């Protein structure tokens, strides 16, 4: 039918309401025979649809090697960009089509092209765990330290994806081991977030700062405490992590462990000398947080290890004030039996009893993190 229309003078470049030409539609259906016929009769090989996807984007998206090569031989724009500024090479990298990526590169594809988010083909291959294509792009000279609009590098992504093979390759090829993204999270922070001790050890062995701080003041040890990564936390401590380091809210790693219910890591940090009575920027102790989290196990641990049960926040609230909000009789009795002052007043003159009356039956939401 298509050949009949062409022979009888049909317009091979006519578009539908979505801006798709007959060639777009042929490739959308992966009809190589029709696509080749249209090209031979003058179809525009650089036509774009309403999303700025070119014919080449379609052929690569369908992993159609033969038509891709035919398009290239007829002058298709190798670096054409879609509405998200992705090139055909971005598509090949995302789909882990190594052979097609190699063909595109041989025809002059920009190996370091940036899309709307300033991500490169290499970064997309790593996001997709497309290791074969990633290795190809690296071997062809891809910029391994290129940064996205969030300042994320290929190594950040490899660690985020827990991809040891590619992470090691990038490091061995000279990836910046101290690169930071826009939140100030360095390579070591991403290794910590992977919860993979092998990656943590690799990154540290190549010179990463074990006490590196993010914009929020988070050190790797803070990160391990948040994730309750007890083995990684101990490794960091034994290799020089500052157990007293505080973030922008004056929280130590111990305080973070409590705030995130990471009881095993909290116990570890305490055993290595963390100050159980440390306070954050609001004057809250770990006991305040444990009560707000309603973590009885943590509360018992803190009390049995000597935390100041009557420590006051900046608003002069004690742990008993916080417990009284919950109206948890068992918790209140536990605190009182361990010396909590029932007559303690906050900065407005309220006692724990006042809190109990004021908040009885109400749901109180407190931002802990």
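Including glycine, each Cβ sits where the backbone N, Cα and C put it.
All annotation found in TrEMBL is predicted automatically rather than curated by experts.
Over in TrEMBL, the protein carries these features:
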type   : residues : note
REPEAT : 18-50    : repeat 'ANK'
REPEAT : 51-83    : repeat 'ANK'
REPEAT : 84-116   : repeat 'ANK'
REPEAT : 117-149  : repeat 'ANK'
REPEAT : 150-182  : repeat 'ANK'
REPEAT : 183-215  : repeat 'ANK'
REPEAT : 216-248  : repeat 'ANK'
REPEAT : 249-281  : repeat 'ANK'
REPEAT : 282-314  : repeat 'ANK'
REPEAT : 315-347  : repeat 'ANK'
Long-range Cβ neighbours of the repeat 'ANK' (249-281) (under 8 Å; 6 or more residues past either end): 216-217, 219, 221-222, 224-230, 233-234, 237, 241, 243, 289-290, 293, 295, 297-298, 301-302, 305-308, 311, 313, 368-369
Intrachain residues whose Cβ lies under 8 Å of the repeat 'ANK' (183-215), provided they are six or more past its termini: 153, 155-156, 159-160, 162, 164, 167-168, 171, 175-177, 221, 223-224, 227, 229, 231-232, 235-236, 239-242, 245, 247-248
Residues from the same chain, set at least six apart from the ends of the repeat 'ANK' (51-83), whose C-beta lies under 8 A from its own: 19, 21, 23-24, 27-28, 30, 32, 35-36, 39, 44-45, 89, 91-92, 95, 97, 99-100, 103-104, 107-110, 113, 115
Per-state residue totals over the repeat 'ANK' (18-50) - DSSP helix, strand, coil: 16 helix, 2 strand, 15 coil
Integer mean pLDDT for the repeat 'ANK' (183-215): 98
